[in-house]
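Input: a single structure, listed below in structure tokens.
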Amino acid sequence: MRWFDIYRKVPKDLTQPTYTGAIISVCCCLFILFLFLSELTGFIATEIVNELYVDDPDKDSGGKIEVNLNISLPNLHCELVGLDIQDEMGRHEVGHIDNSMKIPLNNGDGCRFEGHFSINKVPGNFHVSTHSATAQPQNPDMTHVIHKLSFGDKLQVHNVHGAFNALEGADKLSSNPLASHDYILKIVPTVYEDMSGKQRYSYQYTVANKEYVAYSHTGRIIPAIWFRYDLSPITVKYTERRQPLYRFITSICAIIGGTFTVAGILDSCIFTASEAWKKIQLGKMQ
């Protein structure tokens with residue numbers, strides 16, 4: 001059965017040690033160590049895989065989306081500030097006050113509005129205005145700064161970068177005080193699934209905006225800050241994964257085998273060239 005042995009001994013004339021071979025061996029070991037540590041880091045770390053599909057991911061939400069709004073109006077009194085909500089299902093709510101808070105600014109001359117409310121998963125709008133005030137001001141100043149506008153759960157994942165708070169820092173303090181502001185939002189459902197299979201539901205959005213002073217046949221229309229939204233049928237899903245163990249082992253074997261194979265070829269070429277050069281030198285000396 002000796003003929004079946006695939007690990008035959010290498011002839012002695014092929015095992016002659018050389019300084020070049022030693023240098024190549026040391027370089028190979030260092031190179032293998034570097035690649036091994038790189039593969040190990042990639043194996044330990046998780047990767048985020050994203051995909052797109054058409055569906056409503058959060059079917060247990062009751063057809064609702066949670067909204068978080070934080071906006072400052074430095075030149076409008078808090079008693080004038082209100083939130084109104086409308087949509088295509090017939091909802092028309094003026095002066096929404098549940099889960100909301102008004103914080104006076106600039107010695108009471110301004111207001112910071114913070115609200116947490118829900119909207120239906122149909123096209124609609126919510127707007128900050130003076131419509132719910134008992135008496136309308138003559139010249140309401142709608143200049144503002146948006147600190148936060150987000151939908152759904154908050155995702156704090158290092159490898160996921162998206163437009164979850166696209167209007168953060170929007171500054172309209174230099175705008176016409178009597179102008180209305182329209183923010184047109186396209187909301188994209190987003191799902192994040194971690195290693196344990198737990199899913200969190202959030203929403204990204206794109207935004208376009210315009211500002212204008214509106215008039216009707218009775219005169220100037222009271223300005224407001226409008227957030228008009230529509231939902232995209234496309235859902236973005238991020239899945240947290242780790243490289244399979246078999247793939248890691250395969251990579252390590254390929255690194256070791258490939259490195260030593262290339263090193264053997266390189267050493268053989270150098271050794272052959274060296275021997276040929278020695279023979280040429282001996283021929284010249286004779």
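For all residues, glycine too, the Cβ spot is worked out from N, Cα and C.
Sequence annotations record features per position, and here TrEMBL assigns domain 'Endoplasmic reticulum vesicle transporter N-terminal' to 2-93.
Sequence-remote contacts of a segment are chain residues at least 6 beyond its ends whose Cβ falls under 8 Å from one of its Cβ atoms, and for the transmembrane segment (20-37) they are 252, 255-256, 259-260, 263, 266-267, 270-271, 274. If you look up TrEMBL, you'll see 20-37 (among others) marked as transmembrane segment.
If you look up TrEMBL, you'll see 103-267 marked as domain 'Endoplasmic reticulum vesicle transporter C-terminal'.
Among the features that TrEMBL reports, transmembrane segment is placed at 245-266 (among others).
Mean pLDDT for the domain 'Endoplasmic reticulum vesicle transporter C-terminal' (103-267) in the predicted structure: 88.
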